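A quick write-up on the structure given underneath.
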Amino acid sequence: MPLSYQHFRKLLLLDDGTEAGPLEEELPRLADADLHRRVAEDLNLGNLNVSIPWTHKVGNFTGLYSSTVPIFNPEWQTPSFPKIHLQEDIINRCQQFVGPLTVNEKRRLKLIMPARFYPTHTKYLPLDKGIKPYYPDQVVNHYFQTRHYLHTLWKAGILYKRETTRSASFCGSPYSWEQELQHGRLVIKTSQRHGDESFCSQSSGILSRSSVGPCIRSQLKQSRLGLQPRQGRLASSQPSRSGSIRAKAHPSTRRYFGVEPSGSGHIDHSVNNSSSCLHQSAVRKAAYSHLSTSKRQSSSGHAVEFHCLPPNSAGSQSQGSVSSCWWLQFRNSKPCSEYCLSHLVNLREDWGPCDEHGEHHIRIPRTPARVTGGVFLVDKNPHNTAESRLVVDFSQFSRGISRVSWPKFAVPNLQSLTNLLSSNLSWLSLDVSAAFYHIPLHPAAMPHLLIGSSGLSRYVARLSSNSRINNNQYGTMQNLHDSCSRQLYVSLMLLYKTYGWKLHLYSHPIVLGFRKIPMGVGLSPFLLAQFTSAICSVVRRAFPHCLAFSYMDDVVLGAKSVQHRESLYTAVTNFLLSLGIHLNPNKTKRWGYSLNFMGYIIGSWGTLPQDHIVQKIKHCFRKLPVNRPIDWKVCQRIVGLLGFAAPFTQCGYPALMPLYACIQAKQAFTFSPTYKAFLSKQYMNLYPVARQRPGLCQVFADATPTGWGLAIGHQRMRGTFVAPLPIHTAELLAACFARSRSGAKLIGTDNSVVLSRKYTSFPWLLGCTANWILRGTSFVYVPSALNPADDPSRGRLGLSRPLLRLPFQPTTGRTSLYAVSPSVPSHLPVRVHFASPLHVAWRPP
């Protein structure tokens with residue numbers, strides 16, 4: 001190691017022709033402030049203020065000023081989502097599989113059954129902001145593709161659909177916490193003179209279109225009379241369990257959401273038995289206003305269910321409802337031009353329902369007809385531009401007044417990963433389909449995670465310059481044709497080929513809430529990490545001779561032989577499927593003995609970055625300009641890439657410290673040819689990070705500000721510094737001397753900074769050199785009172801403390817992998833016992 005030191009001096013142009021002396025003399029000089037100033041001038045590192053214009057692009061790296069323009073693909077396919085339903089009794093199923101669970105495993109699984117999200121503040125945005133105008137040239141295409149994506153998610157049971165202020169519907173299998181509206185249900189039966197049996201007999205939608213008015217009015221009268229004694233303060237403080245409705249007869253301006261507003265004016269909830277109220281839009285509005293009123297005013301703990309709903313209420317529209325539907329109004333209107341939407345609407349007789357309802361209706365907390373985040377579509381990933389991915393912007397929960405501090409969770413660092421996974425096992429990785437959408441969310445979180453759209457008419461009206469949105473006129477015949485245009489007509493005709501009758505369905509407004517955890521919230525990665533780590537922990541204990549490990553949705557399995565790995569794969573796959581976890585068998589990758597994981601290649605020899613990252617680094621250096629100031633935001637991107645591979649270089653992170661300093665000062669950075677050559681040489685030769693081995697520590701180092709001491713076996717050494725040094729610097733130098741003189745890869749020290757192996761806070765040149773010398777060295781903490789090198793460092797060689805026998809055990813970080821399992825009783829009486837093909841149980845190295 002010390003031989004490389006001269007090379008280091010030459011590289012940084014520090015040699016002035018004189019031969020370098022011994023390490024004990026030369027190394028302390030690297031902490032000298034004067035030398036650092038001289039080097040900074042030579043390498044042009046200290047010149048932060050520059051007058052030349054900054055460079056904002058280096059290769060593919062750009063600053064925030066010139067972000068890449070997103071490309072819309074009209075041919076995007078909406079990915080299909082399996083009917084994901086994680087089993088509610090997941091803890092019991094795991095216990096049947098492996099016996100009693102550890103406290104850690106239980107705690108993690110309870111966290112996600114169901115997940116909860118309660119921010120302190122939630123900002124509600126108008127529905128117009130539901131779908132972001134991310135592609136200004138493809139507004140209509142983007143609108144329908146996004147609506148189709150949302151519809152697909154709803155059909156797959158990933159979203160709730162807001163039906164009224166206090167009820168929602170969804171598809172798929174319900175969980176026990178999703179309170180189906182049965183206990184406080186309202187099955188409205190009317191007297192025979194109205195000719196109606198009940199709401200259940202109606203075919204289209206929640207309420208019948210034709211005979212709603214009188215039925216509701218008589219019901220309102222009954223429920224109002226029935227609840228009279230309980231009104232007032234008592235009623236609000238002691239909710240009744242009867243399930244009847246405490247509905248005050250007050251005019252409500254709320255409307256059922258999902259139906260276009262009409263210009264028919266205000267509906268009075270007067271209580272009478274008149275059956276003459278047959279104007280359809282008024283009837284619909286009365287019906288839905290009654291619904292939201294009953295929810296809002298219900299004194300029971302539950303809301304109302306019309307429980308004879310067909311799963312998809314997709315009947316043909318009754319004639320009367322046309323007046324309230326923007327889309328169907330075109331049918332009876334005179335075409336305004338050859339590009340009038342009435343030509344499209346008249347193409348088919350049956351446009352299907354204005355609205356669809358889920359298989360189950362549940363009670364939810366009060367949810368406004370608003371959104372809390374916008375959505376837009378992008379390519380699924382850089383390698384798959386054929387499929388789209390939905391981006392949900394819930395950034396309000398990461399900034400400002402509604403900021404939520406997300407829980408921290410342990411991410412395995414490089415050394416822990418290497419200690420754990422660098423072995424002679426044969427590996428495969430599993431692909432979990434839509435991993436985030438496995439974890440159910442409590443319905444109480446729905447009002448905080450709302451997405452949706454205001455409907456095509458309003459969306460187009462907002463974006464077109466010639467239309468006026470006026471609450472009184474909106475939806476009336478006068479401005480119906482304001483949205484007609486050649487561009488809209490052509491777009492809709494093309495989309496009609498793709499979506500058919502669904503164009504009508506998608507043109508209506510909708511509000512959706514998340515039923516499974518969304519990707520755009522900081523809580524989701526935490527929950528996913530807890531979930532997969534708990535499952536892998538169970539798998540590891542069920543198969544102690546194998547290894548299962550996960551980070552987020554990336555799950556890897558390792559076994560001693562290929563045959564054993566395949567049988568493990570079958571058993572684990574069956575177990576995961578029984579829990580309701582969906583795997584994508586086509587994307588299962590068999591890696592052999594070199595595992596590709598988290599951007600690394602991990603083999604028995606250690607860990608290296610994957611090839612595509614190495615190629616990116618080479619490309620970055622090819623494009624890196626010299627003597628030109630580079631925007632600090634671009635420097636952030638460069639440091640992100642180089643920082644990932646820094647542990648594999650000789651000088652490590654300290655080599656990047658000048659770049660870090662410029663980013664912190666928010667100043668441009670100018671690469672000098674020498675500094676670029678130095679970095680380039682560092683990154684062209686990458687060295688693997690090796691697995692740490694357990695062992696006994698027999699080499700100890702200690703220092704005081706004025707001197708250093710070593711204990712190598714029974715040998716003691718000491719030395720003094722030319723000038724007093726800061727204690728951390730002195731301790732680091734002592735550790736370097738111990739490594740250099742003994743060659744030991746295990747050194748005992750009492751300094752926490754040296755133990756941390758983070759040398760970025762030391763003088764730059766010293767940090768680089770120390771990283772070079774101490775690369776691959778493990779440290780053991782020894783208290784000062786017991787440190788055999790303590791006396792030599794204070795100049796006392798005569799006294800000899802007994803040499804400690806300090807064992808070193810490599811750490812696997814906070815991944816809680818090998819907690820000792822509780823004693824497991826014989827939980828499977830008919831279990832088949834067979835000898836493992838390995839004969840010996842594998843333990844972590």
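Here the Cβ of each residue, glycine as well, is placed from N, Cα and C on the backbone.
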What does Swiss-Prot list, out of Asp379, Asp393, Asp431, Asp702, as binding the same Mg(2+) as Asp553, Asp554? Asp431
Just to confirm my parser: what is the rounded mean pLDDT across the domain 'Reverse transcriptase' (359-602)? 86
Provide the three-state secondary structure of Asp554 (Mg(2+) binding site) computed with DSSP. strand
Within 8 Å of the Cβ centroid of Asp431, Asp553, Asp554, the other same-chain residues by Cβ around the recorded Mg(2+) site are Ser429, Leu430, Val432, Ala435, Ser550, Met552, Val555
Which same-chain residues, if any, lie at least 6 apart from Asp431 (Mg(2+) binding site) yet have Cβ under 8 Å of it: Asp553, Leu583, Asn584, Lys587, Thr588, Lys589
Measure from the Cβ of Asp553 (Mg(2+) binding site) and count the other Cβ atoms within 10 Å, all protein chains considered. 18
